[in-house]
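TrEMBL annotations:
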type     : residues  : note
DOMAIN   : A:1-184   : domain 'Major facilitator superfamily (MFS) profile'
TRANSMEM : A:12-32   : transmembrane segment
TRANSMEM : A:38-56   : transmembrane segment
TRANSMEM : A:68-85   : transmembrane segment
TRANSMEM : A:130-152 : transmembrane segment
TRANSMEM : A:158-177 : transmembrane segment
Amino acid sequence: MDYHRFLRAQSIMISAGSVVFPFYLLFIRNVGESFSQFGWAYGLFTLMSACSFPFIGRMADAVGERNLLLLYTWGMALVMLLIPIAGGIWAIYAIQILMGFLGAVQKTAEKSALSRQAYEKRHTDIGKSIGHYHLWTSVWSAAAIIVTGYLIDFLTIGSIFYLASFMYAYAGITLAGRAKQLAD
Amino acid sequence: MIYGLFFILSVTIFQRQPIFAEDAGKLLPTAIKEIRPASTAVSLEKWVKSANEHHGKLSVAGMQHSQGGHTYYPGATMIDMKSYNRILDYKPDERLITVQSGVTWEQIQRKINPDGLALRVTQSQAIFTVGGSLSANIHGRDIRFGSIYNTVQSLRLLTPTGQIIVVSRTKNPEWLPNVIGGYSLYGIILDVTLKLTSDELYQIETKEMSAEKYPAYFAEQVLRDDAVRMHMARISVAPDTFFNEMYVINYRLAENQLLLDKHRELHHERIIALPKALLGFSRYSEKGKELFWQIQKDYMLNKGGDYITRNNVMRSESEFMEYEQAGRTEVLSELFIPVSKFTVFVRDLKAILRKEQFNLLNITIRYVEKDEQATLSYAKEDMFALVLLINQGTGQHEIMETREVVQKMIDAALVHGGSYYLPYYPYASKEQLRKAYPNIDEFFKQKQTIDPNEVFVNLFYKEYK
C-alpha cells in the first residue's frame, strides 16, 4: 500500500474541508432563517452518516478503500460546485444529506485503510503510525485554516467553494494516479 | 471531463444569481443589482454621473434600520455609506463637528465625550449613521433642542445630476427641507457639520401614573421645568393594565455638575440575558407580557435618583431586541398625536386593539416639538410620538392582517390631527400618506425636476409616488 500517497490525498481533502468549513457555516446561517433550521441541517447530516455507515462498511471490504476515497473526493468536488448556487433551505438540506453520506464514506475509508495497513504489515506500533498519520493531516489542515483567514480578504465566498472543489478534485487525481502506479 | 462541465455550469449559474437586499423590517427582500461600498466623494460623483448617462438606478444605505425598503430598489445599485465614515473636522471650542455621512453617533460620541461635549438631537440608540438619521429626520429623548434639522449647520450634497453643492441656511437653502427627511431621494449627503452642546449630568426621575394624567403632568412638570432636559415614557401593553398604566422617565439636570466626571465614561452593552428572556416570553403569551411589563416597570422606577450623562442617555441598549425567528419578524410603527389629544387617542387605540389579534410588545412615548421646516415634516404641532413594537409573521396573509390594524390606528391619529412616521413598512394607504403629509405631492414633483432621470430611487418612492 502506497501510504505516502494515501497520506497526501487525505491531507489535501482534510485541508479542503478546513478551508470551507467556517464559510459553510456562514453560508447555512445566511440561507437558514433560524436556529431550528440550522439544527435540522446538521441533524440531517449526522443522521444520513449514521444510516450509511453499515452499508459503507461492507462496501469498504468489497471494493477497497481507494475506490471509496475516489467516490468521496469526486463527490465532494461536485458538492462544492452546488453550494454557491444553492438557494433556499431545501437545497441546503439536500446538500447536507449528500455530505452526510460522503462524510461517512471518508470516515470509513480512512479508518479501514489505517487498520488494514496495520494488519497487513503486522505492525506492532499501531498507535505510533496513527499518530504519524494524524500529525500530518492536522498540520496541513491547520495551515489551510490559517491561510484561508488571509485569503478571505481577497476571495469571495463563492470562490472559496470553487477553490475547495479544485482541491477535492486534485486529491481525487492523486488517488487515481496511485492505481496506475500499482497497476504498473 | 464531466467535472469540467459541472464546474462551468456551476460558475455560470452562480454569476447569474441576484443579490438580495433586506432592511431591519425583513418584510421586503428585494433582488438588487449590486452593493457598492462608498469610499471617496470623487468616486461617488462618478457613479452618479454614470448612472445618469446609462439609465442606472441608485439607492443609498446606512445601517438599514428603516423598514420600508428606503435603502434599496429592484435591480438598482445600493451604495453602502457605512464605509464612508471619517470624522473630517472637529472644533471643540466652537462646538462643531464635521463628519462623513456614514459615521455613526457612537463614533461621534467617542470623539467628543472626553471634551465634555454631547450631541443635541439623536435617537435613543447610537448605532445609526448620521446620513441615515438626517434622511429619516429622526427624533429622540431630547426635549429642548427642537428637531435634528436645527442641529445641522451645513452639509455637502451630491445632487441627483452629480454636482457637489454646499447646503445651509444661506447657501442653496432650498435643498435643505427636501434633503432632511427626504430618504435620499434628493441625492447623497456627503458630509455634515453638526452643532454640539455640553455634556451634562442628569438625575433620573421616574413616576408611575395613569394615561389620563400624563398630558397634564407632561405640560406642568416636564415641559415647564427647564431643568428637565430629556424625557420618555412607556404605556402598558400587558392585558391587566392595557393602555391604562404608564411610567415616565425624566432626565433632570443634576444639582452638582461636579459629579459629571465620575459618570463620564460611555456605557457599553451589558449582559442582556434577562431582558432578552423577558421580551421572549412576552412574544408568546399574555402572562409573558404581564411579567415583562411588571419587571421592566419596577426596574425603571428603581432607577429613580441614579445619575447618568447626556451622552449615555443617547446610547441605550438595543442588542436585547435583536430577533431571529423563521417566518417572523419585529417591525415598528410610529404615530404622532397632538399633546392635547393624547387621552382621547389612547382611548381610541385601546378600543381598536382590544378587538384585534395583534402581538404588540412595547410602546414607547416621546415628545416632538412643532417643526415644519422639512417638507415631509410630521410635527405640525407639539406632538407625542408613540412607537409600537409589533411581532408578526412574514407571510402575505400576516402582512395584510397587520396592515388592516395599522391603517385603523393611523386613521385614529389623523382624525385627531396627528400623523405617522415614514421610515417603517408602508402599511399606510396612499390617501393616508397624503393626509398625514400634505406636501408629499410637491415633494415628489420637485424630485422629478431635480432628478429627471430618476436616478435616486427606493421602495418608498416606488410605492407612493
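For all residues, glycine too, the Cβ spot is worked out from N, Cα and C.
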Recorded stretch, among A:12-32, A:38-56, A:68-85, A:130-152, maximising Cβ pairs under 8 Å relative to the transmembrane segment (A:158-177): A:68-85
Sequence-remote partners of the transmembrane segment (A:68-85) [C-beta within less than 8 Å, at least six residues beyond its ends]: 6, 9-10, 13, 16-17, 20, 24, 27, 56, 59-60, 91, 95, 98-99, 102, 105-106, 108-109, 113, 157-158, 161-162, 164-166, 168-169, 171-172, 175-176
Average pLDDT across the domain 'Major facilitator superfamily (MFS) profile' (A:1-184), rounded to a whole number: 84
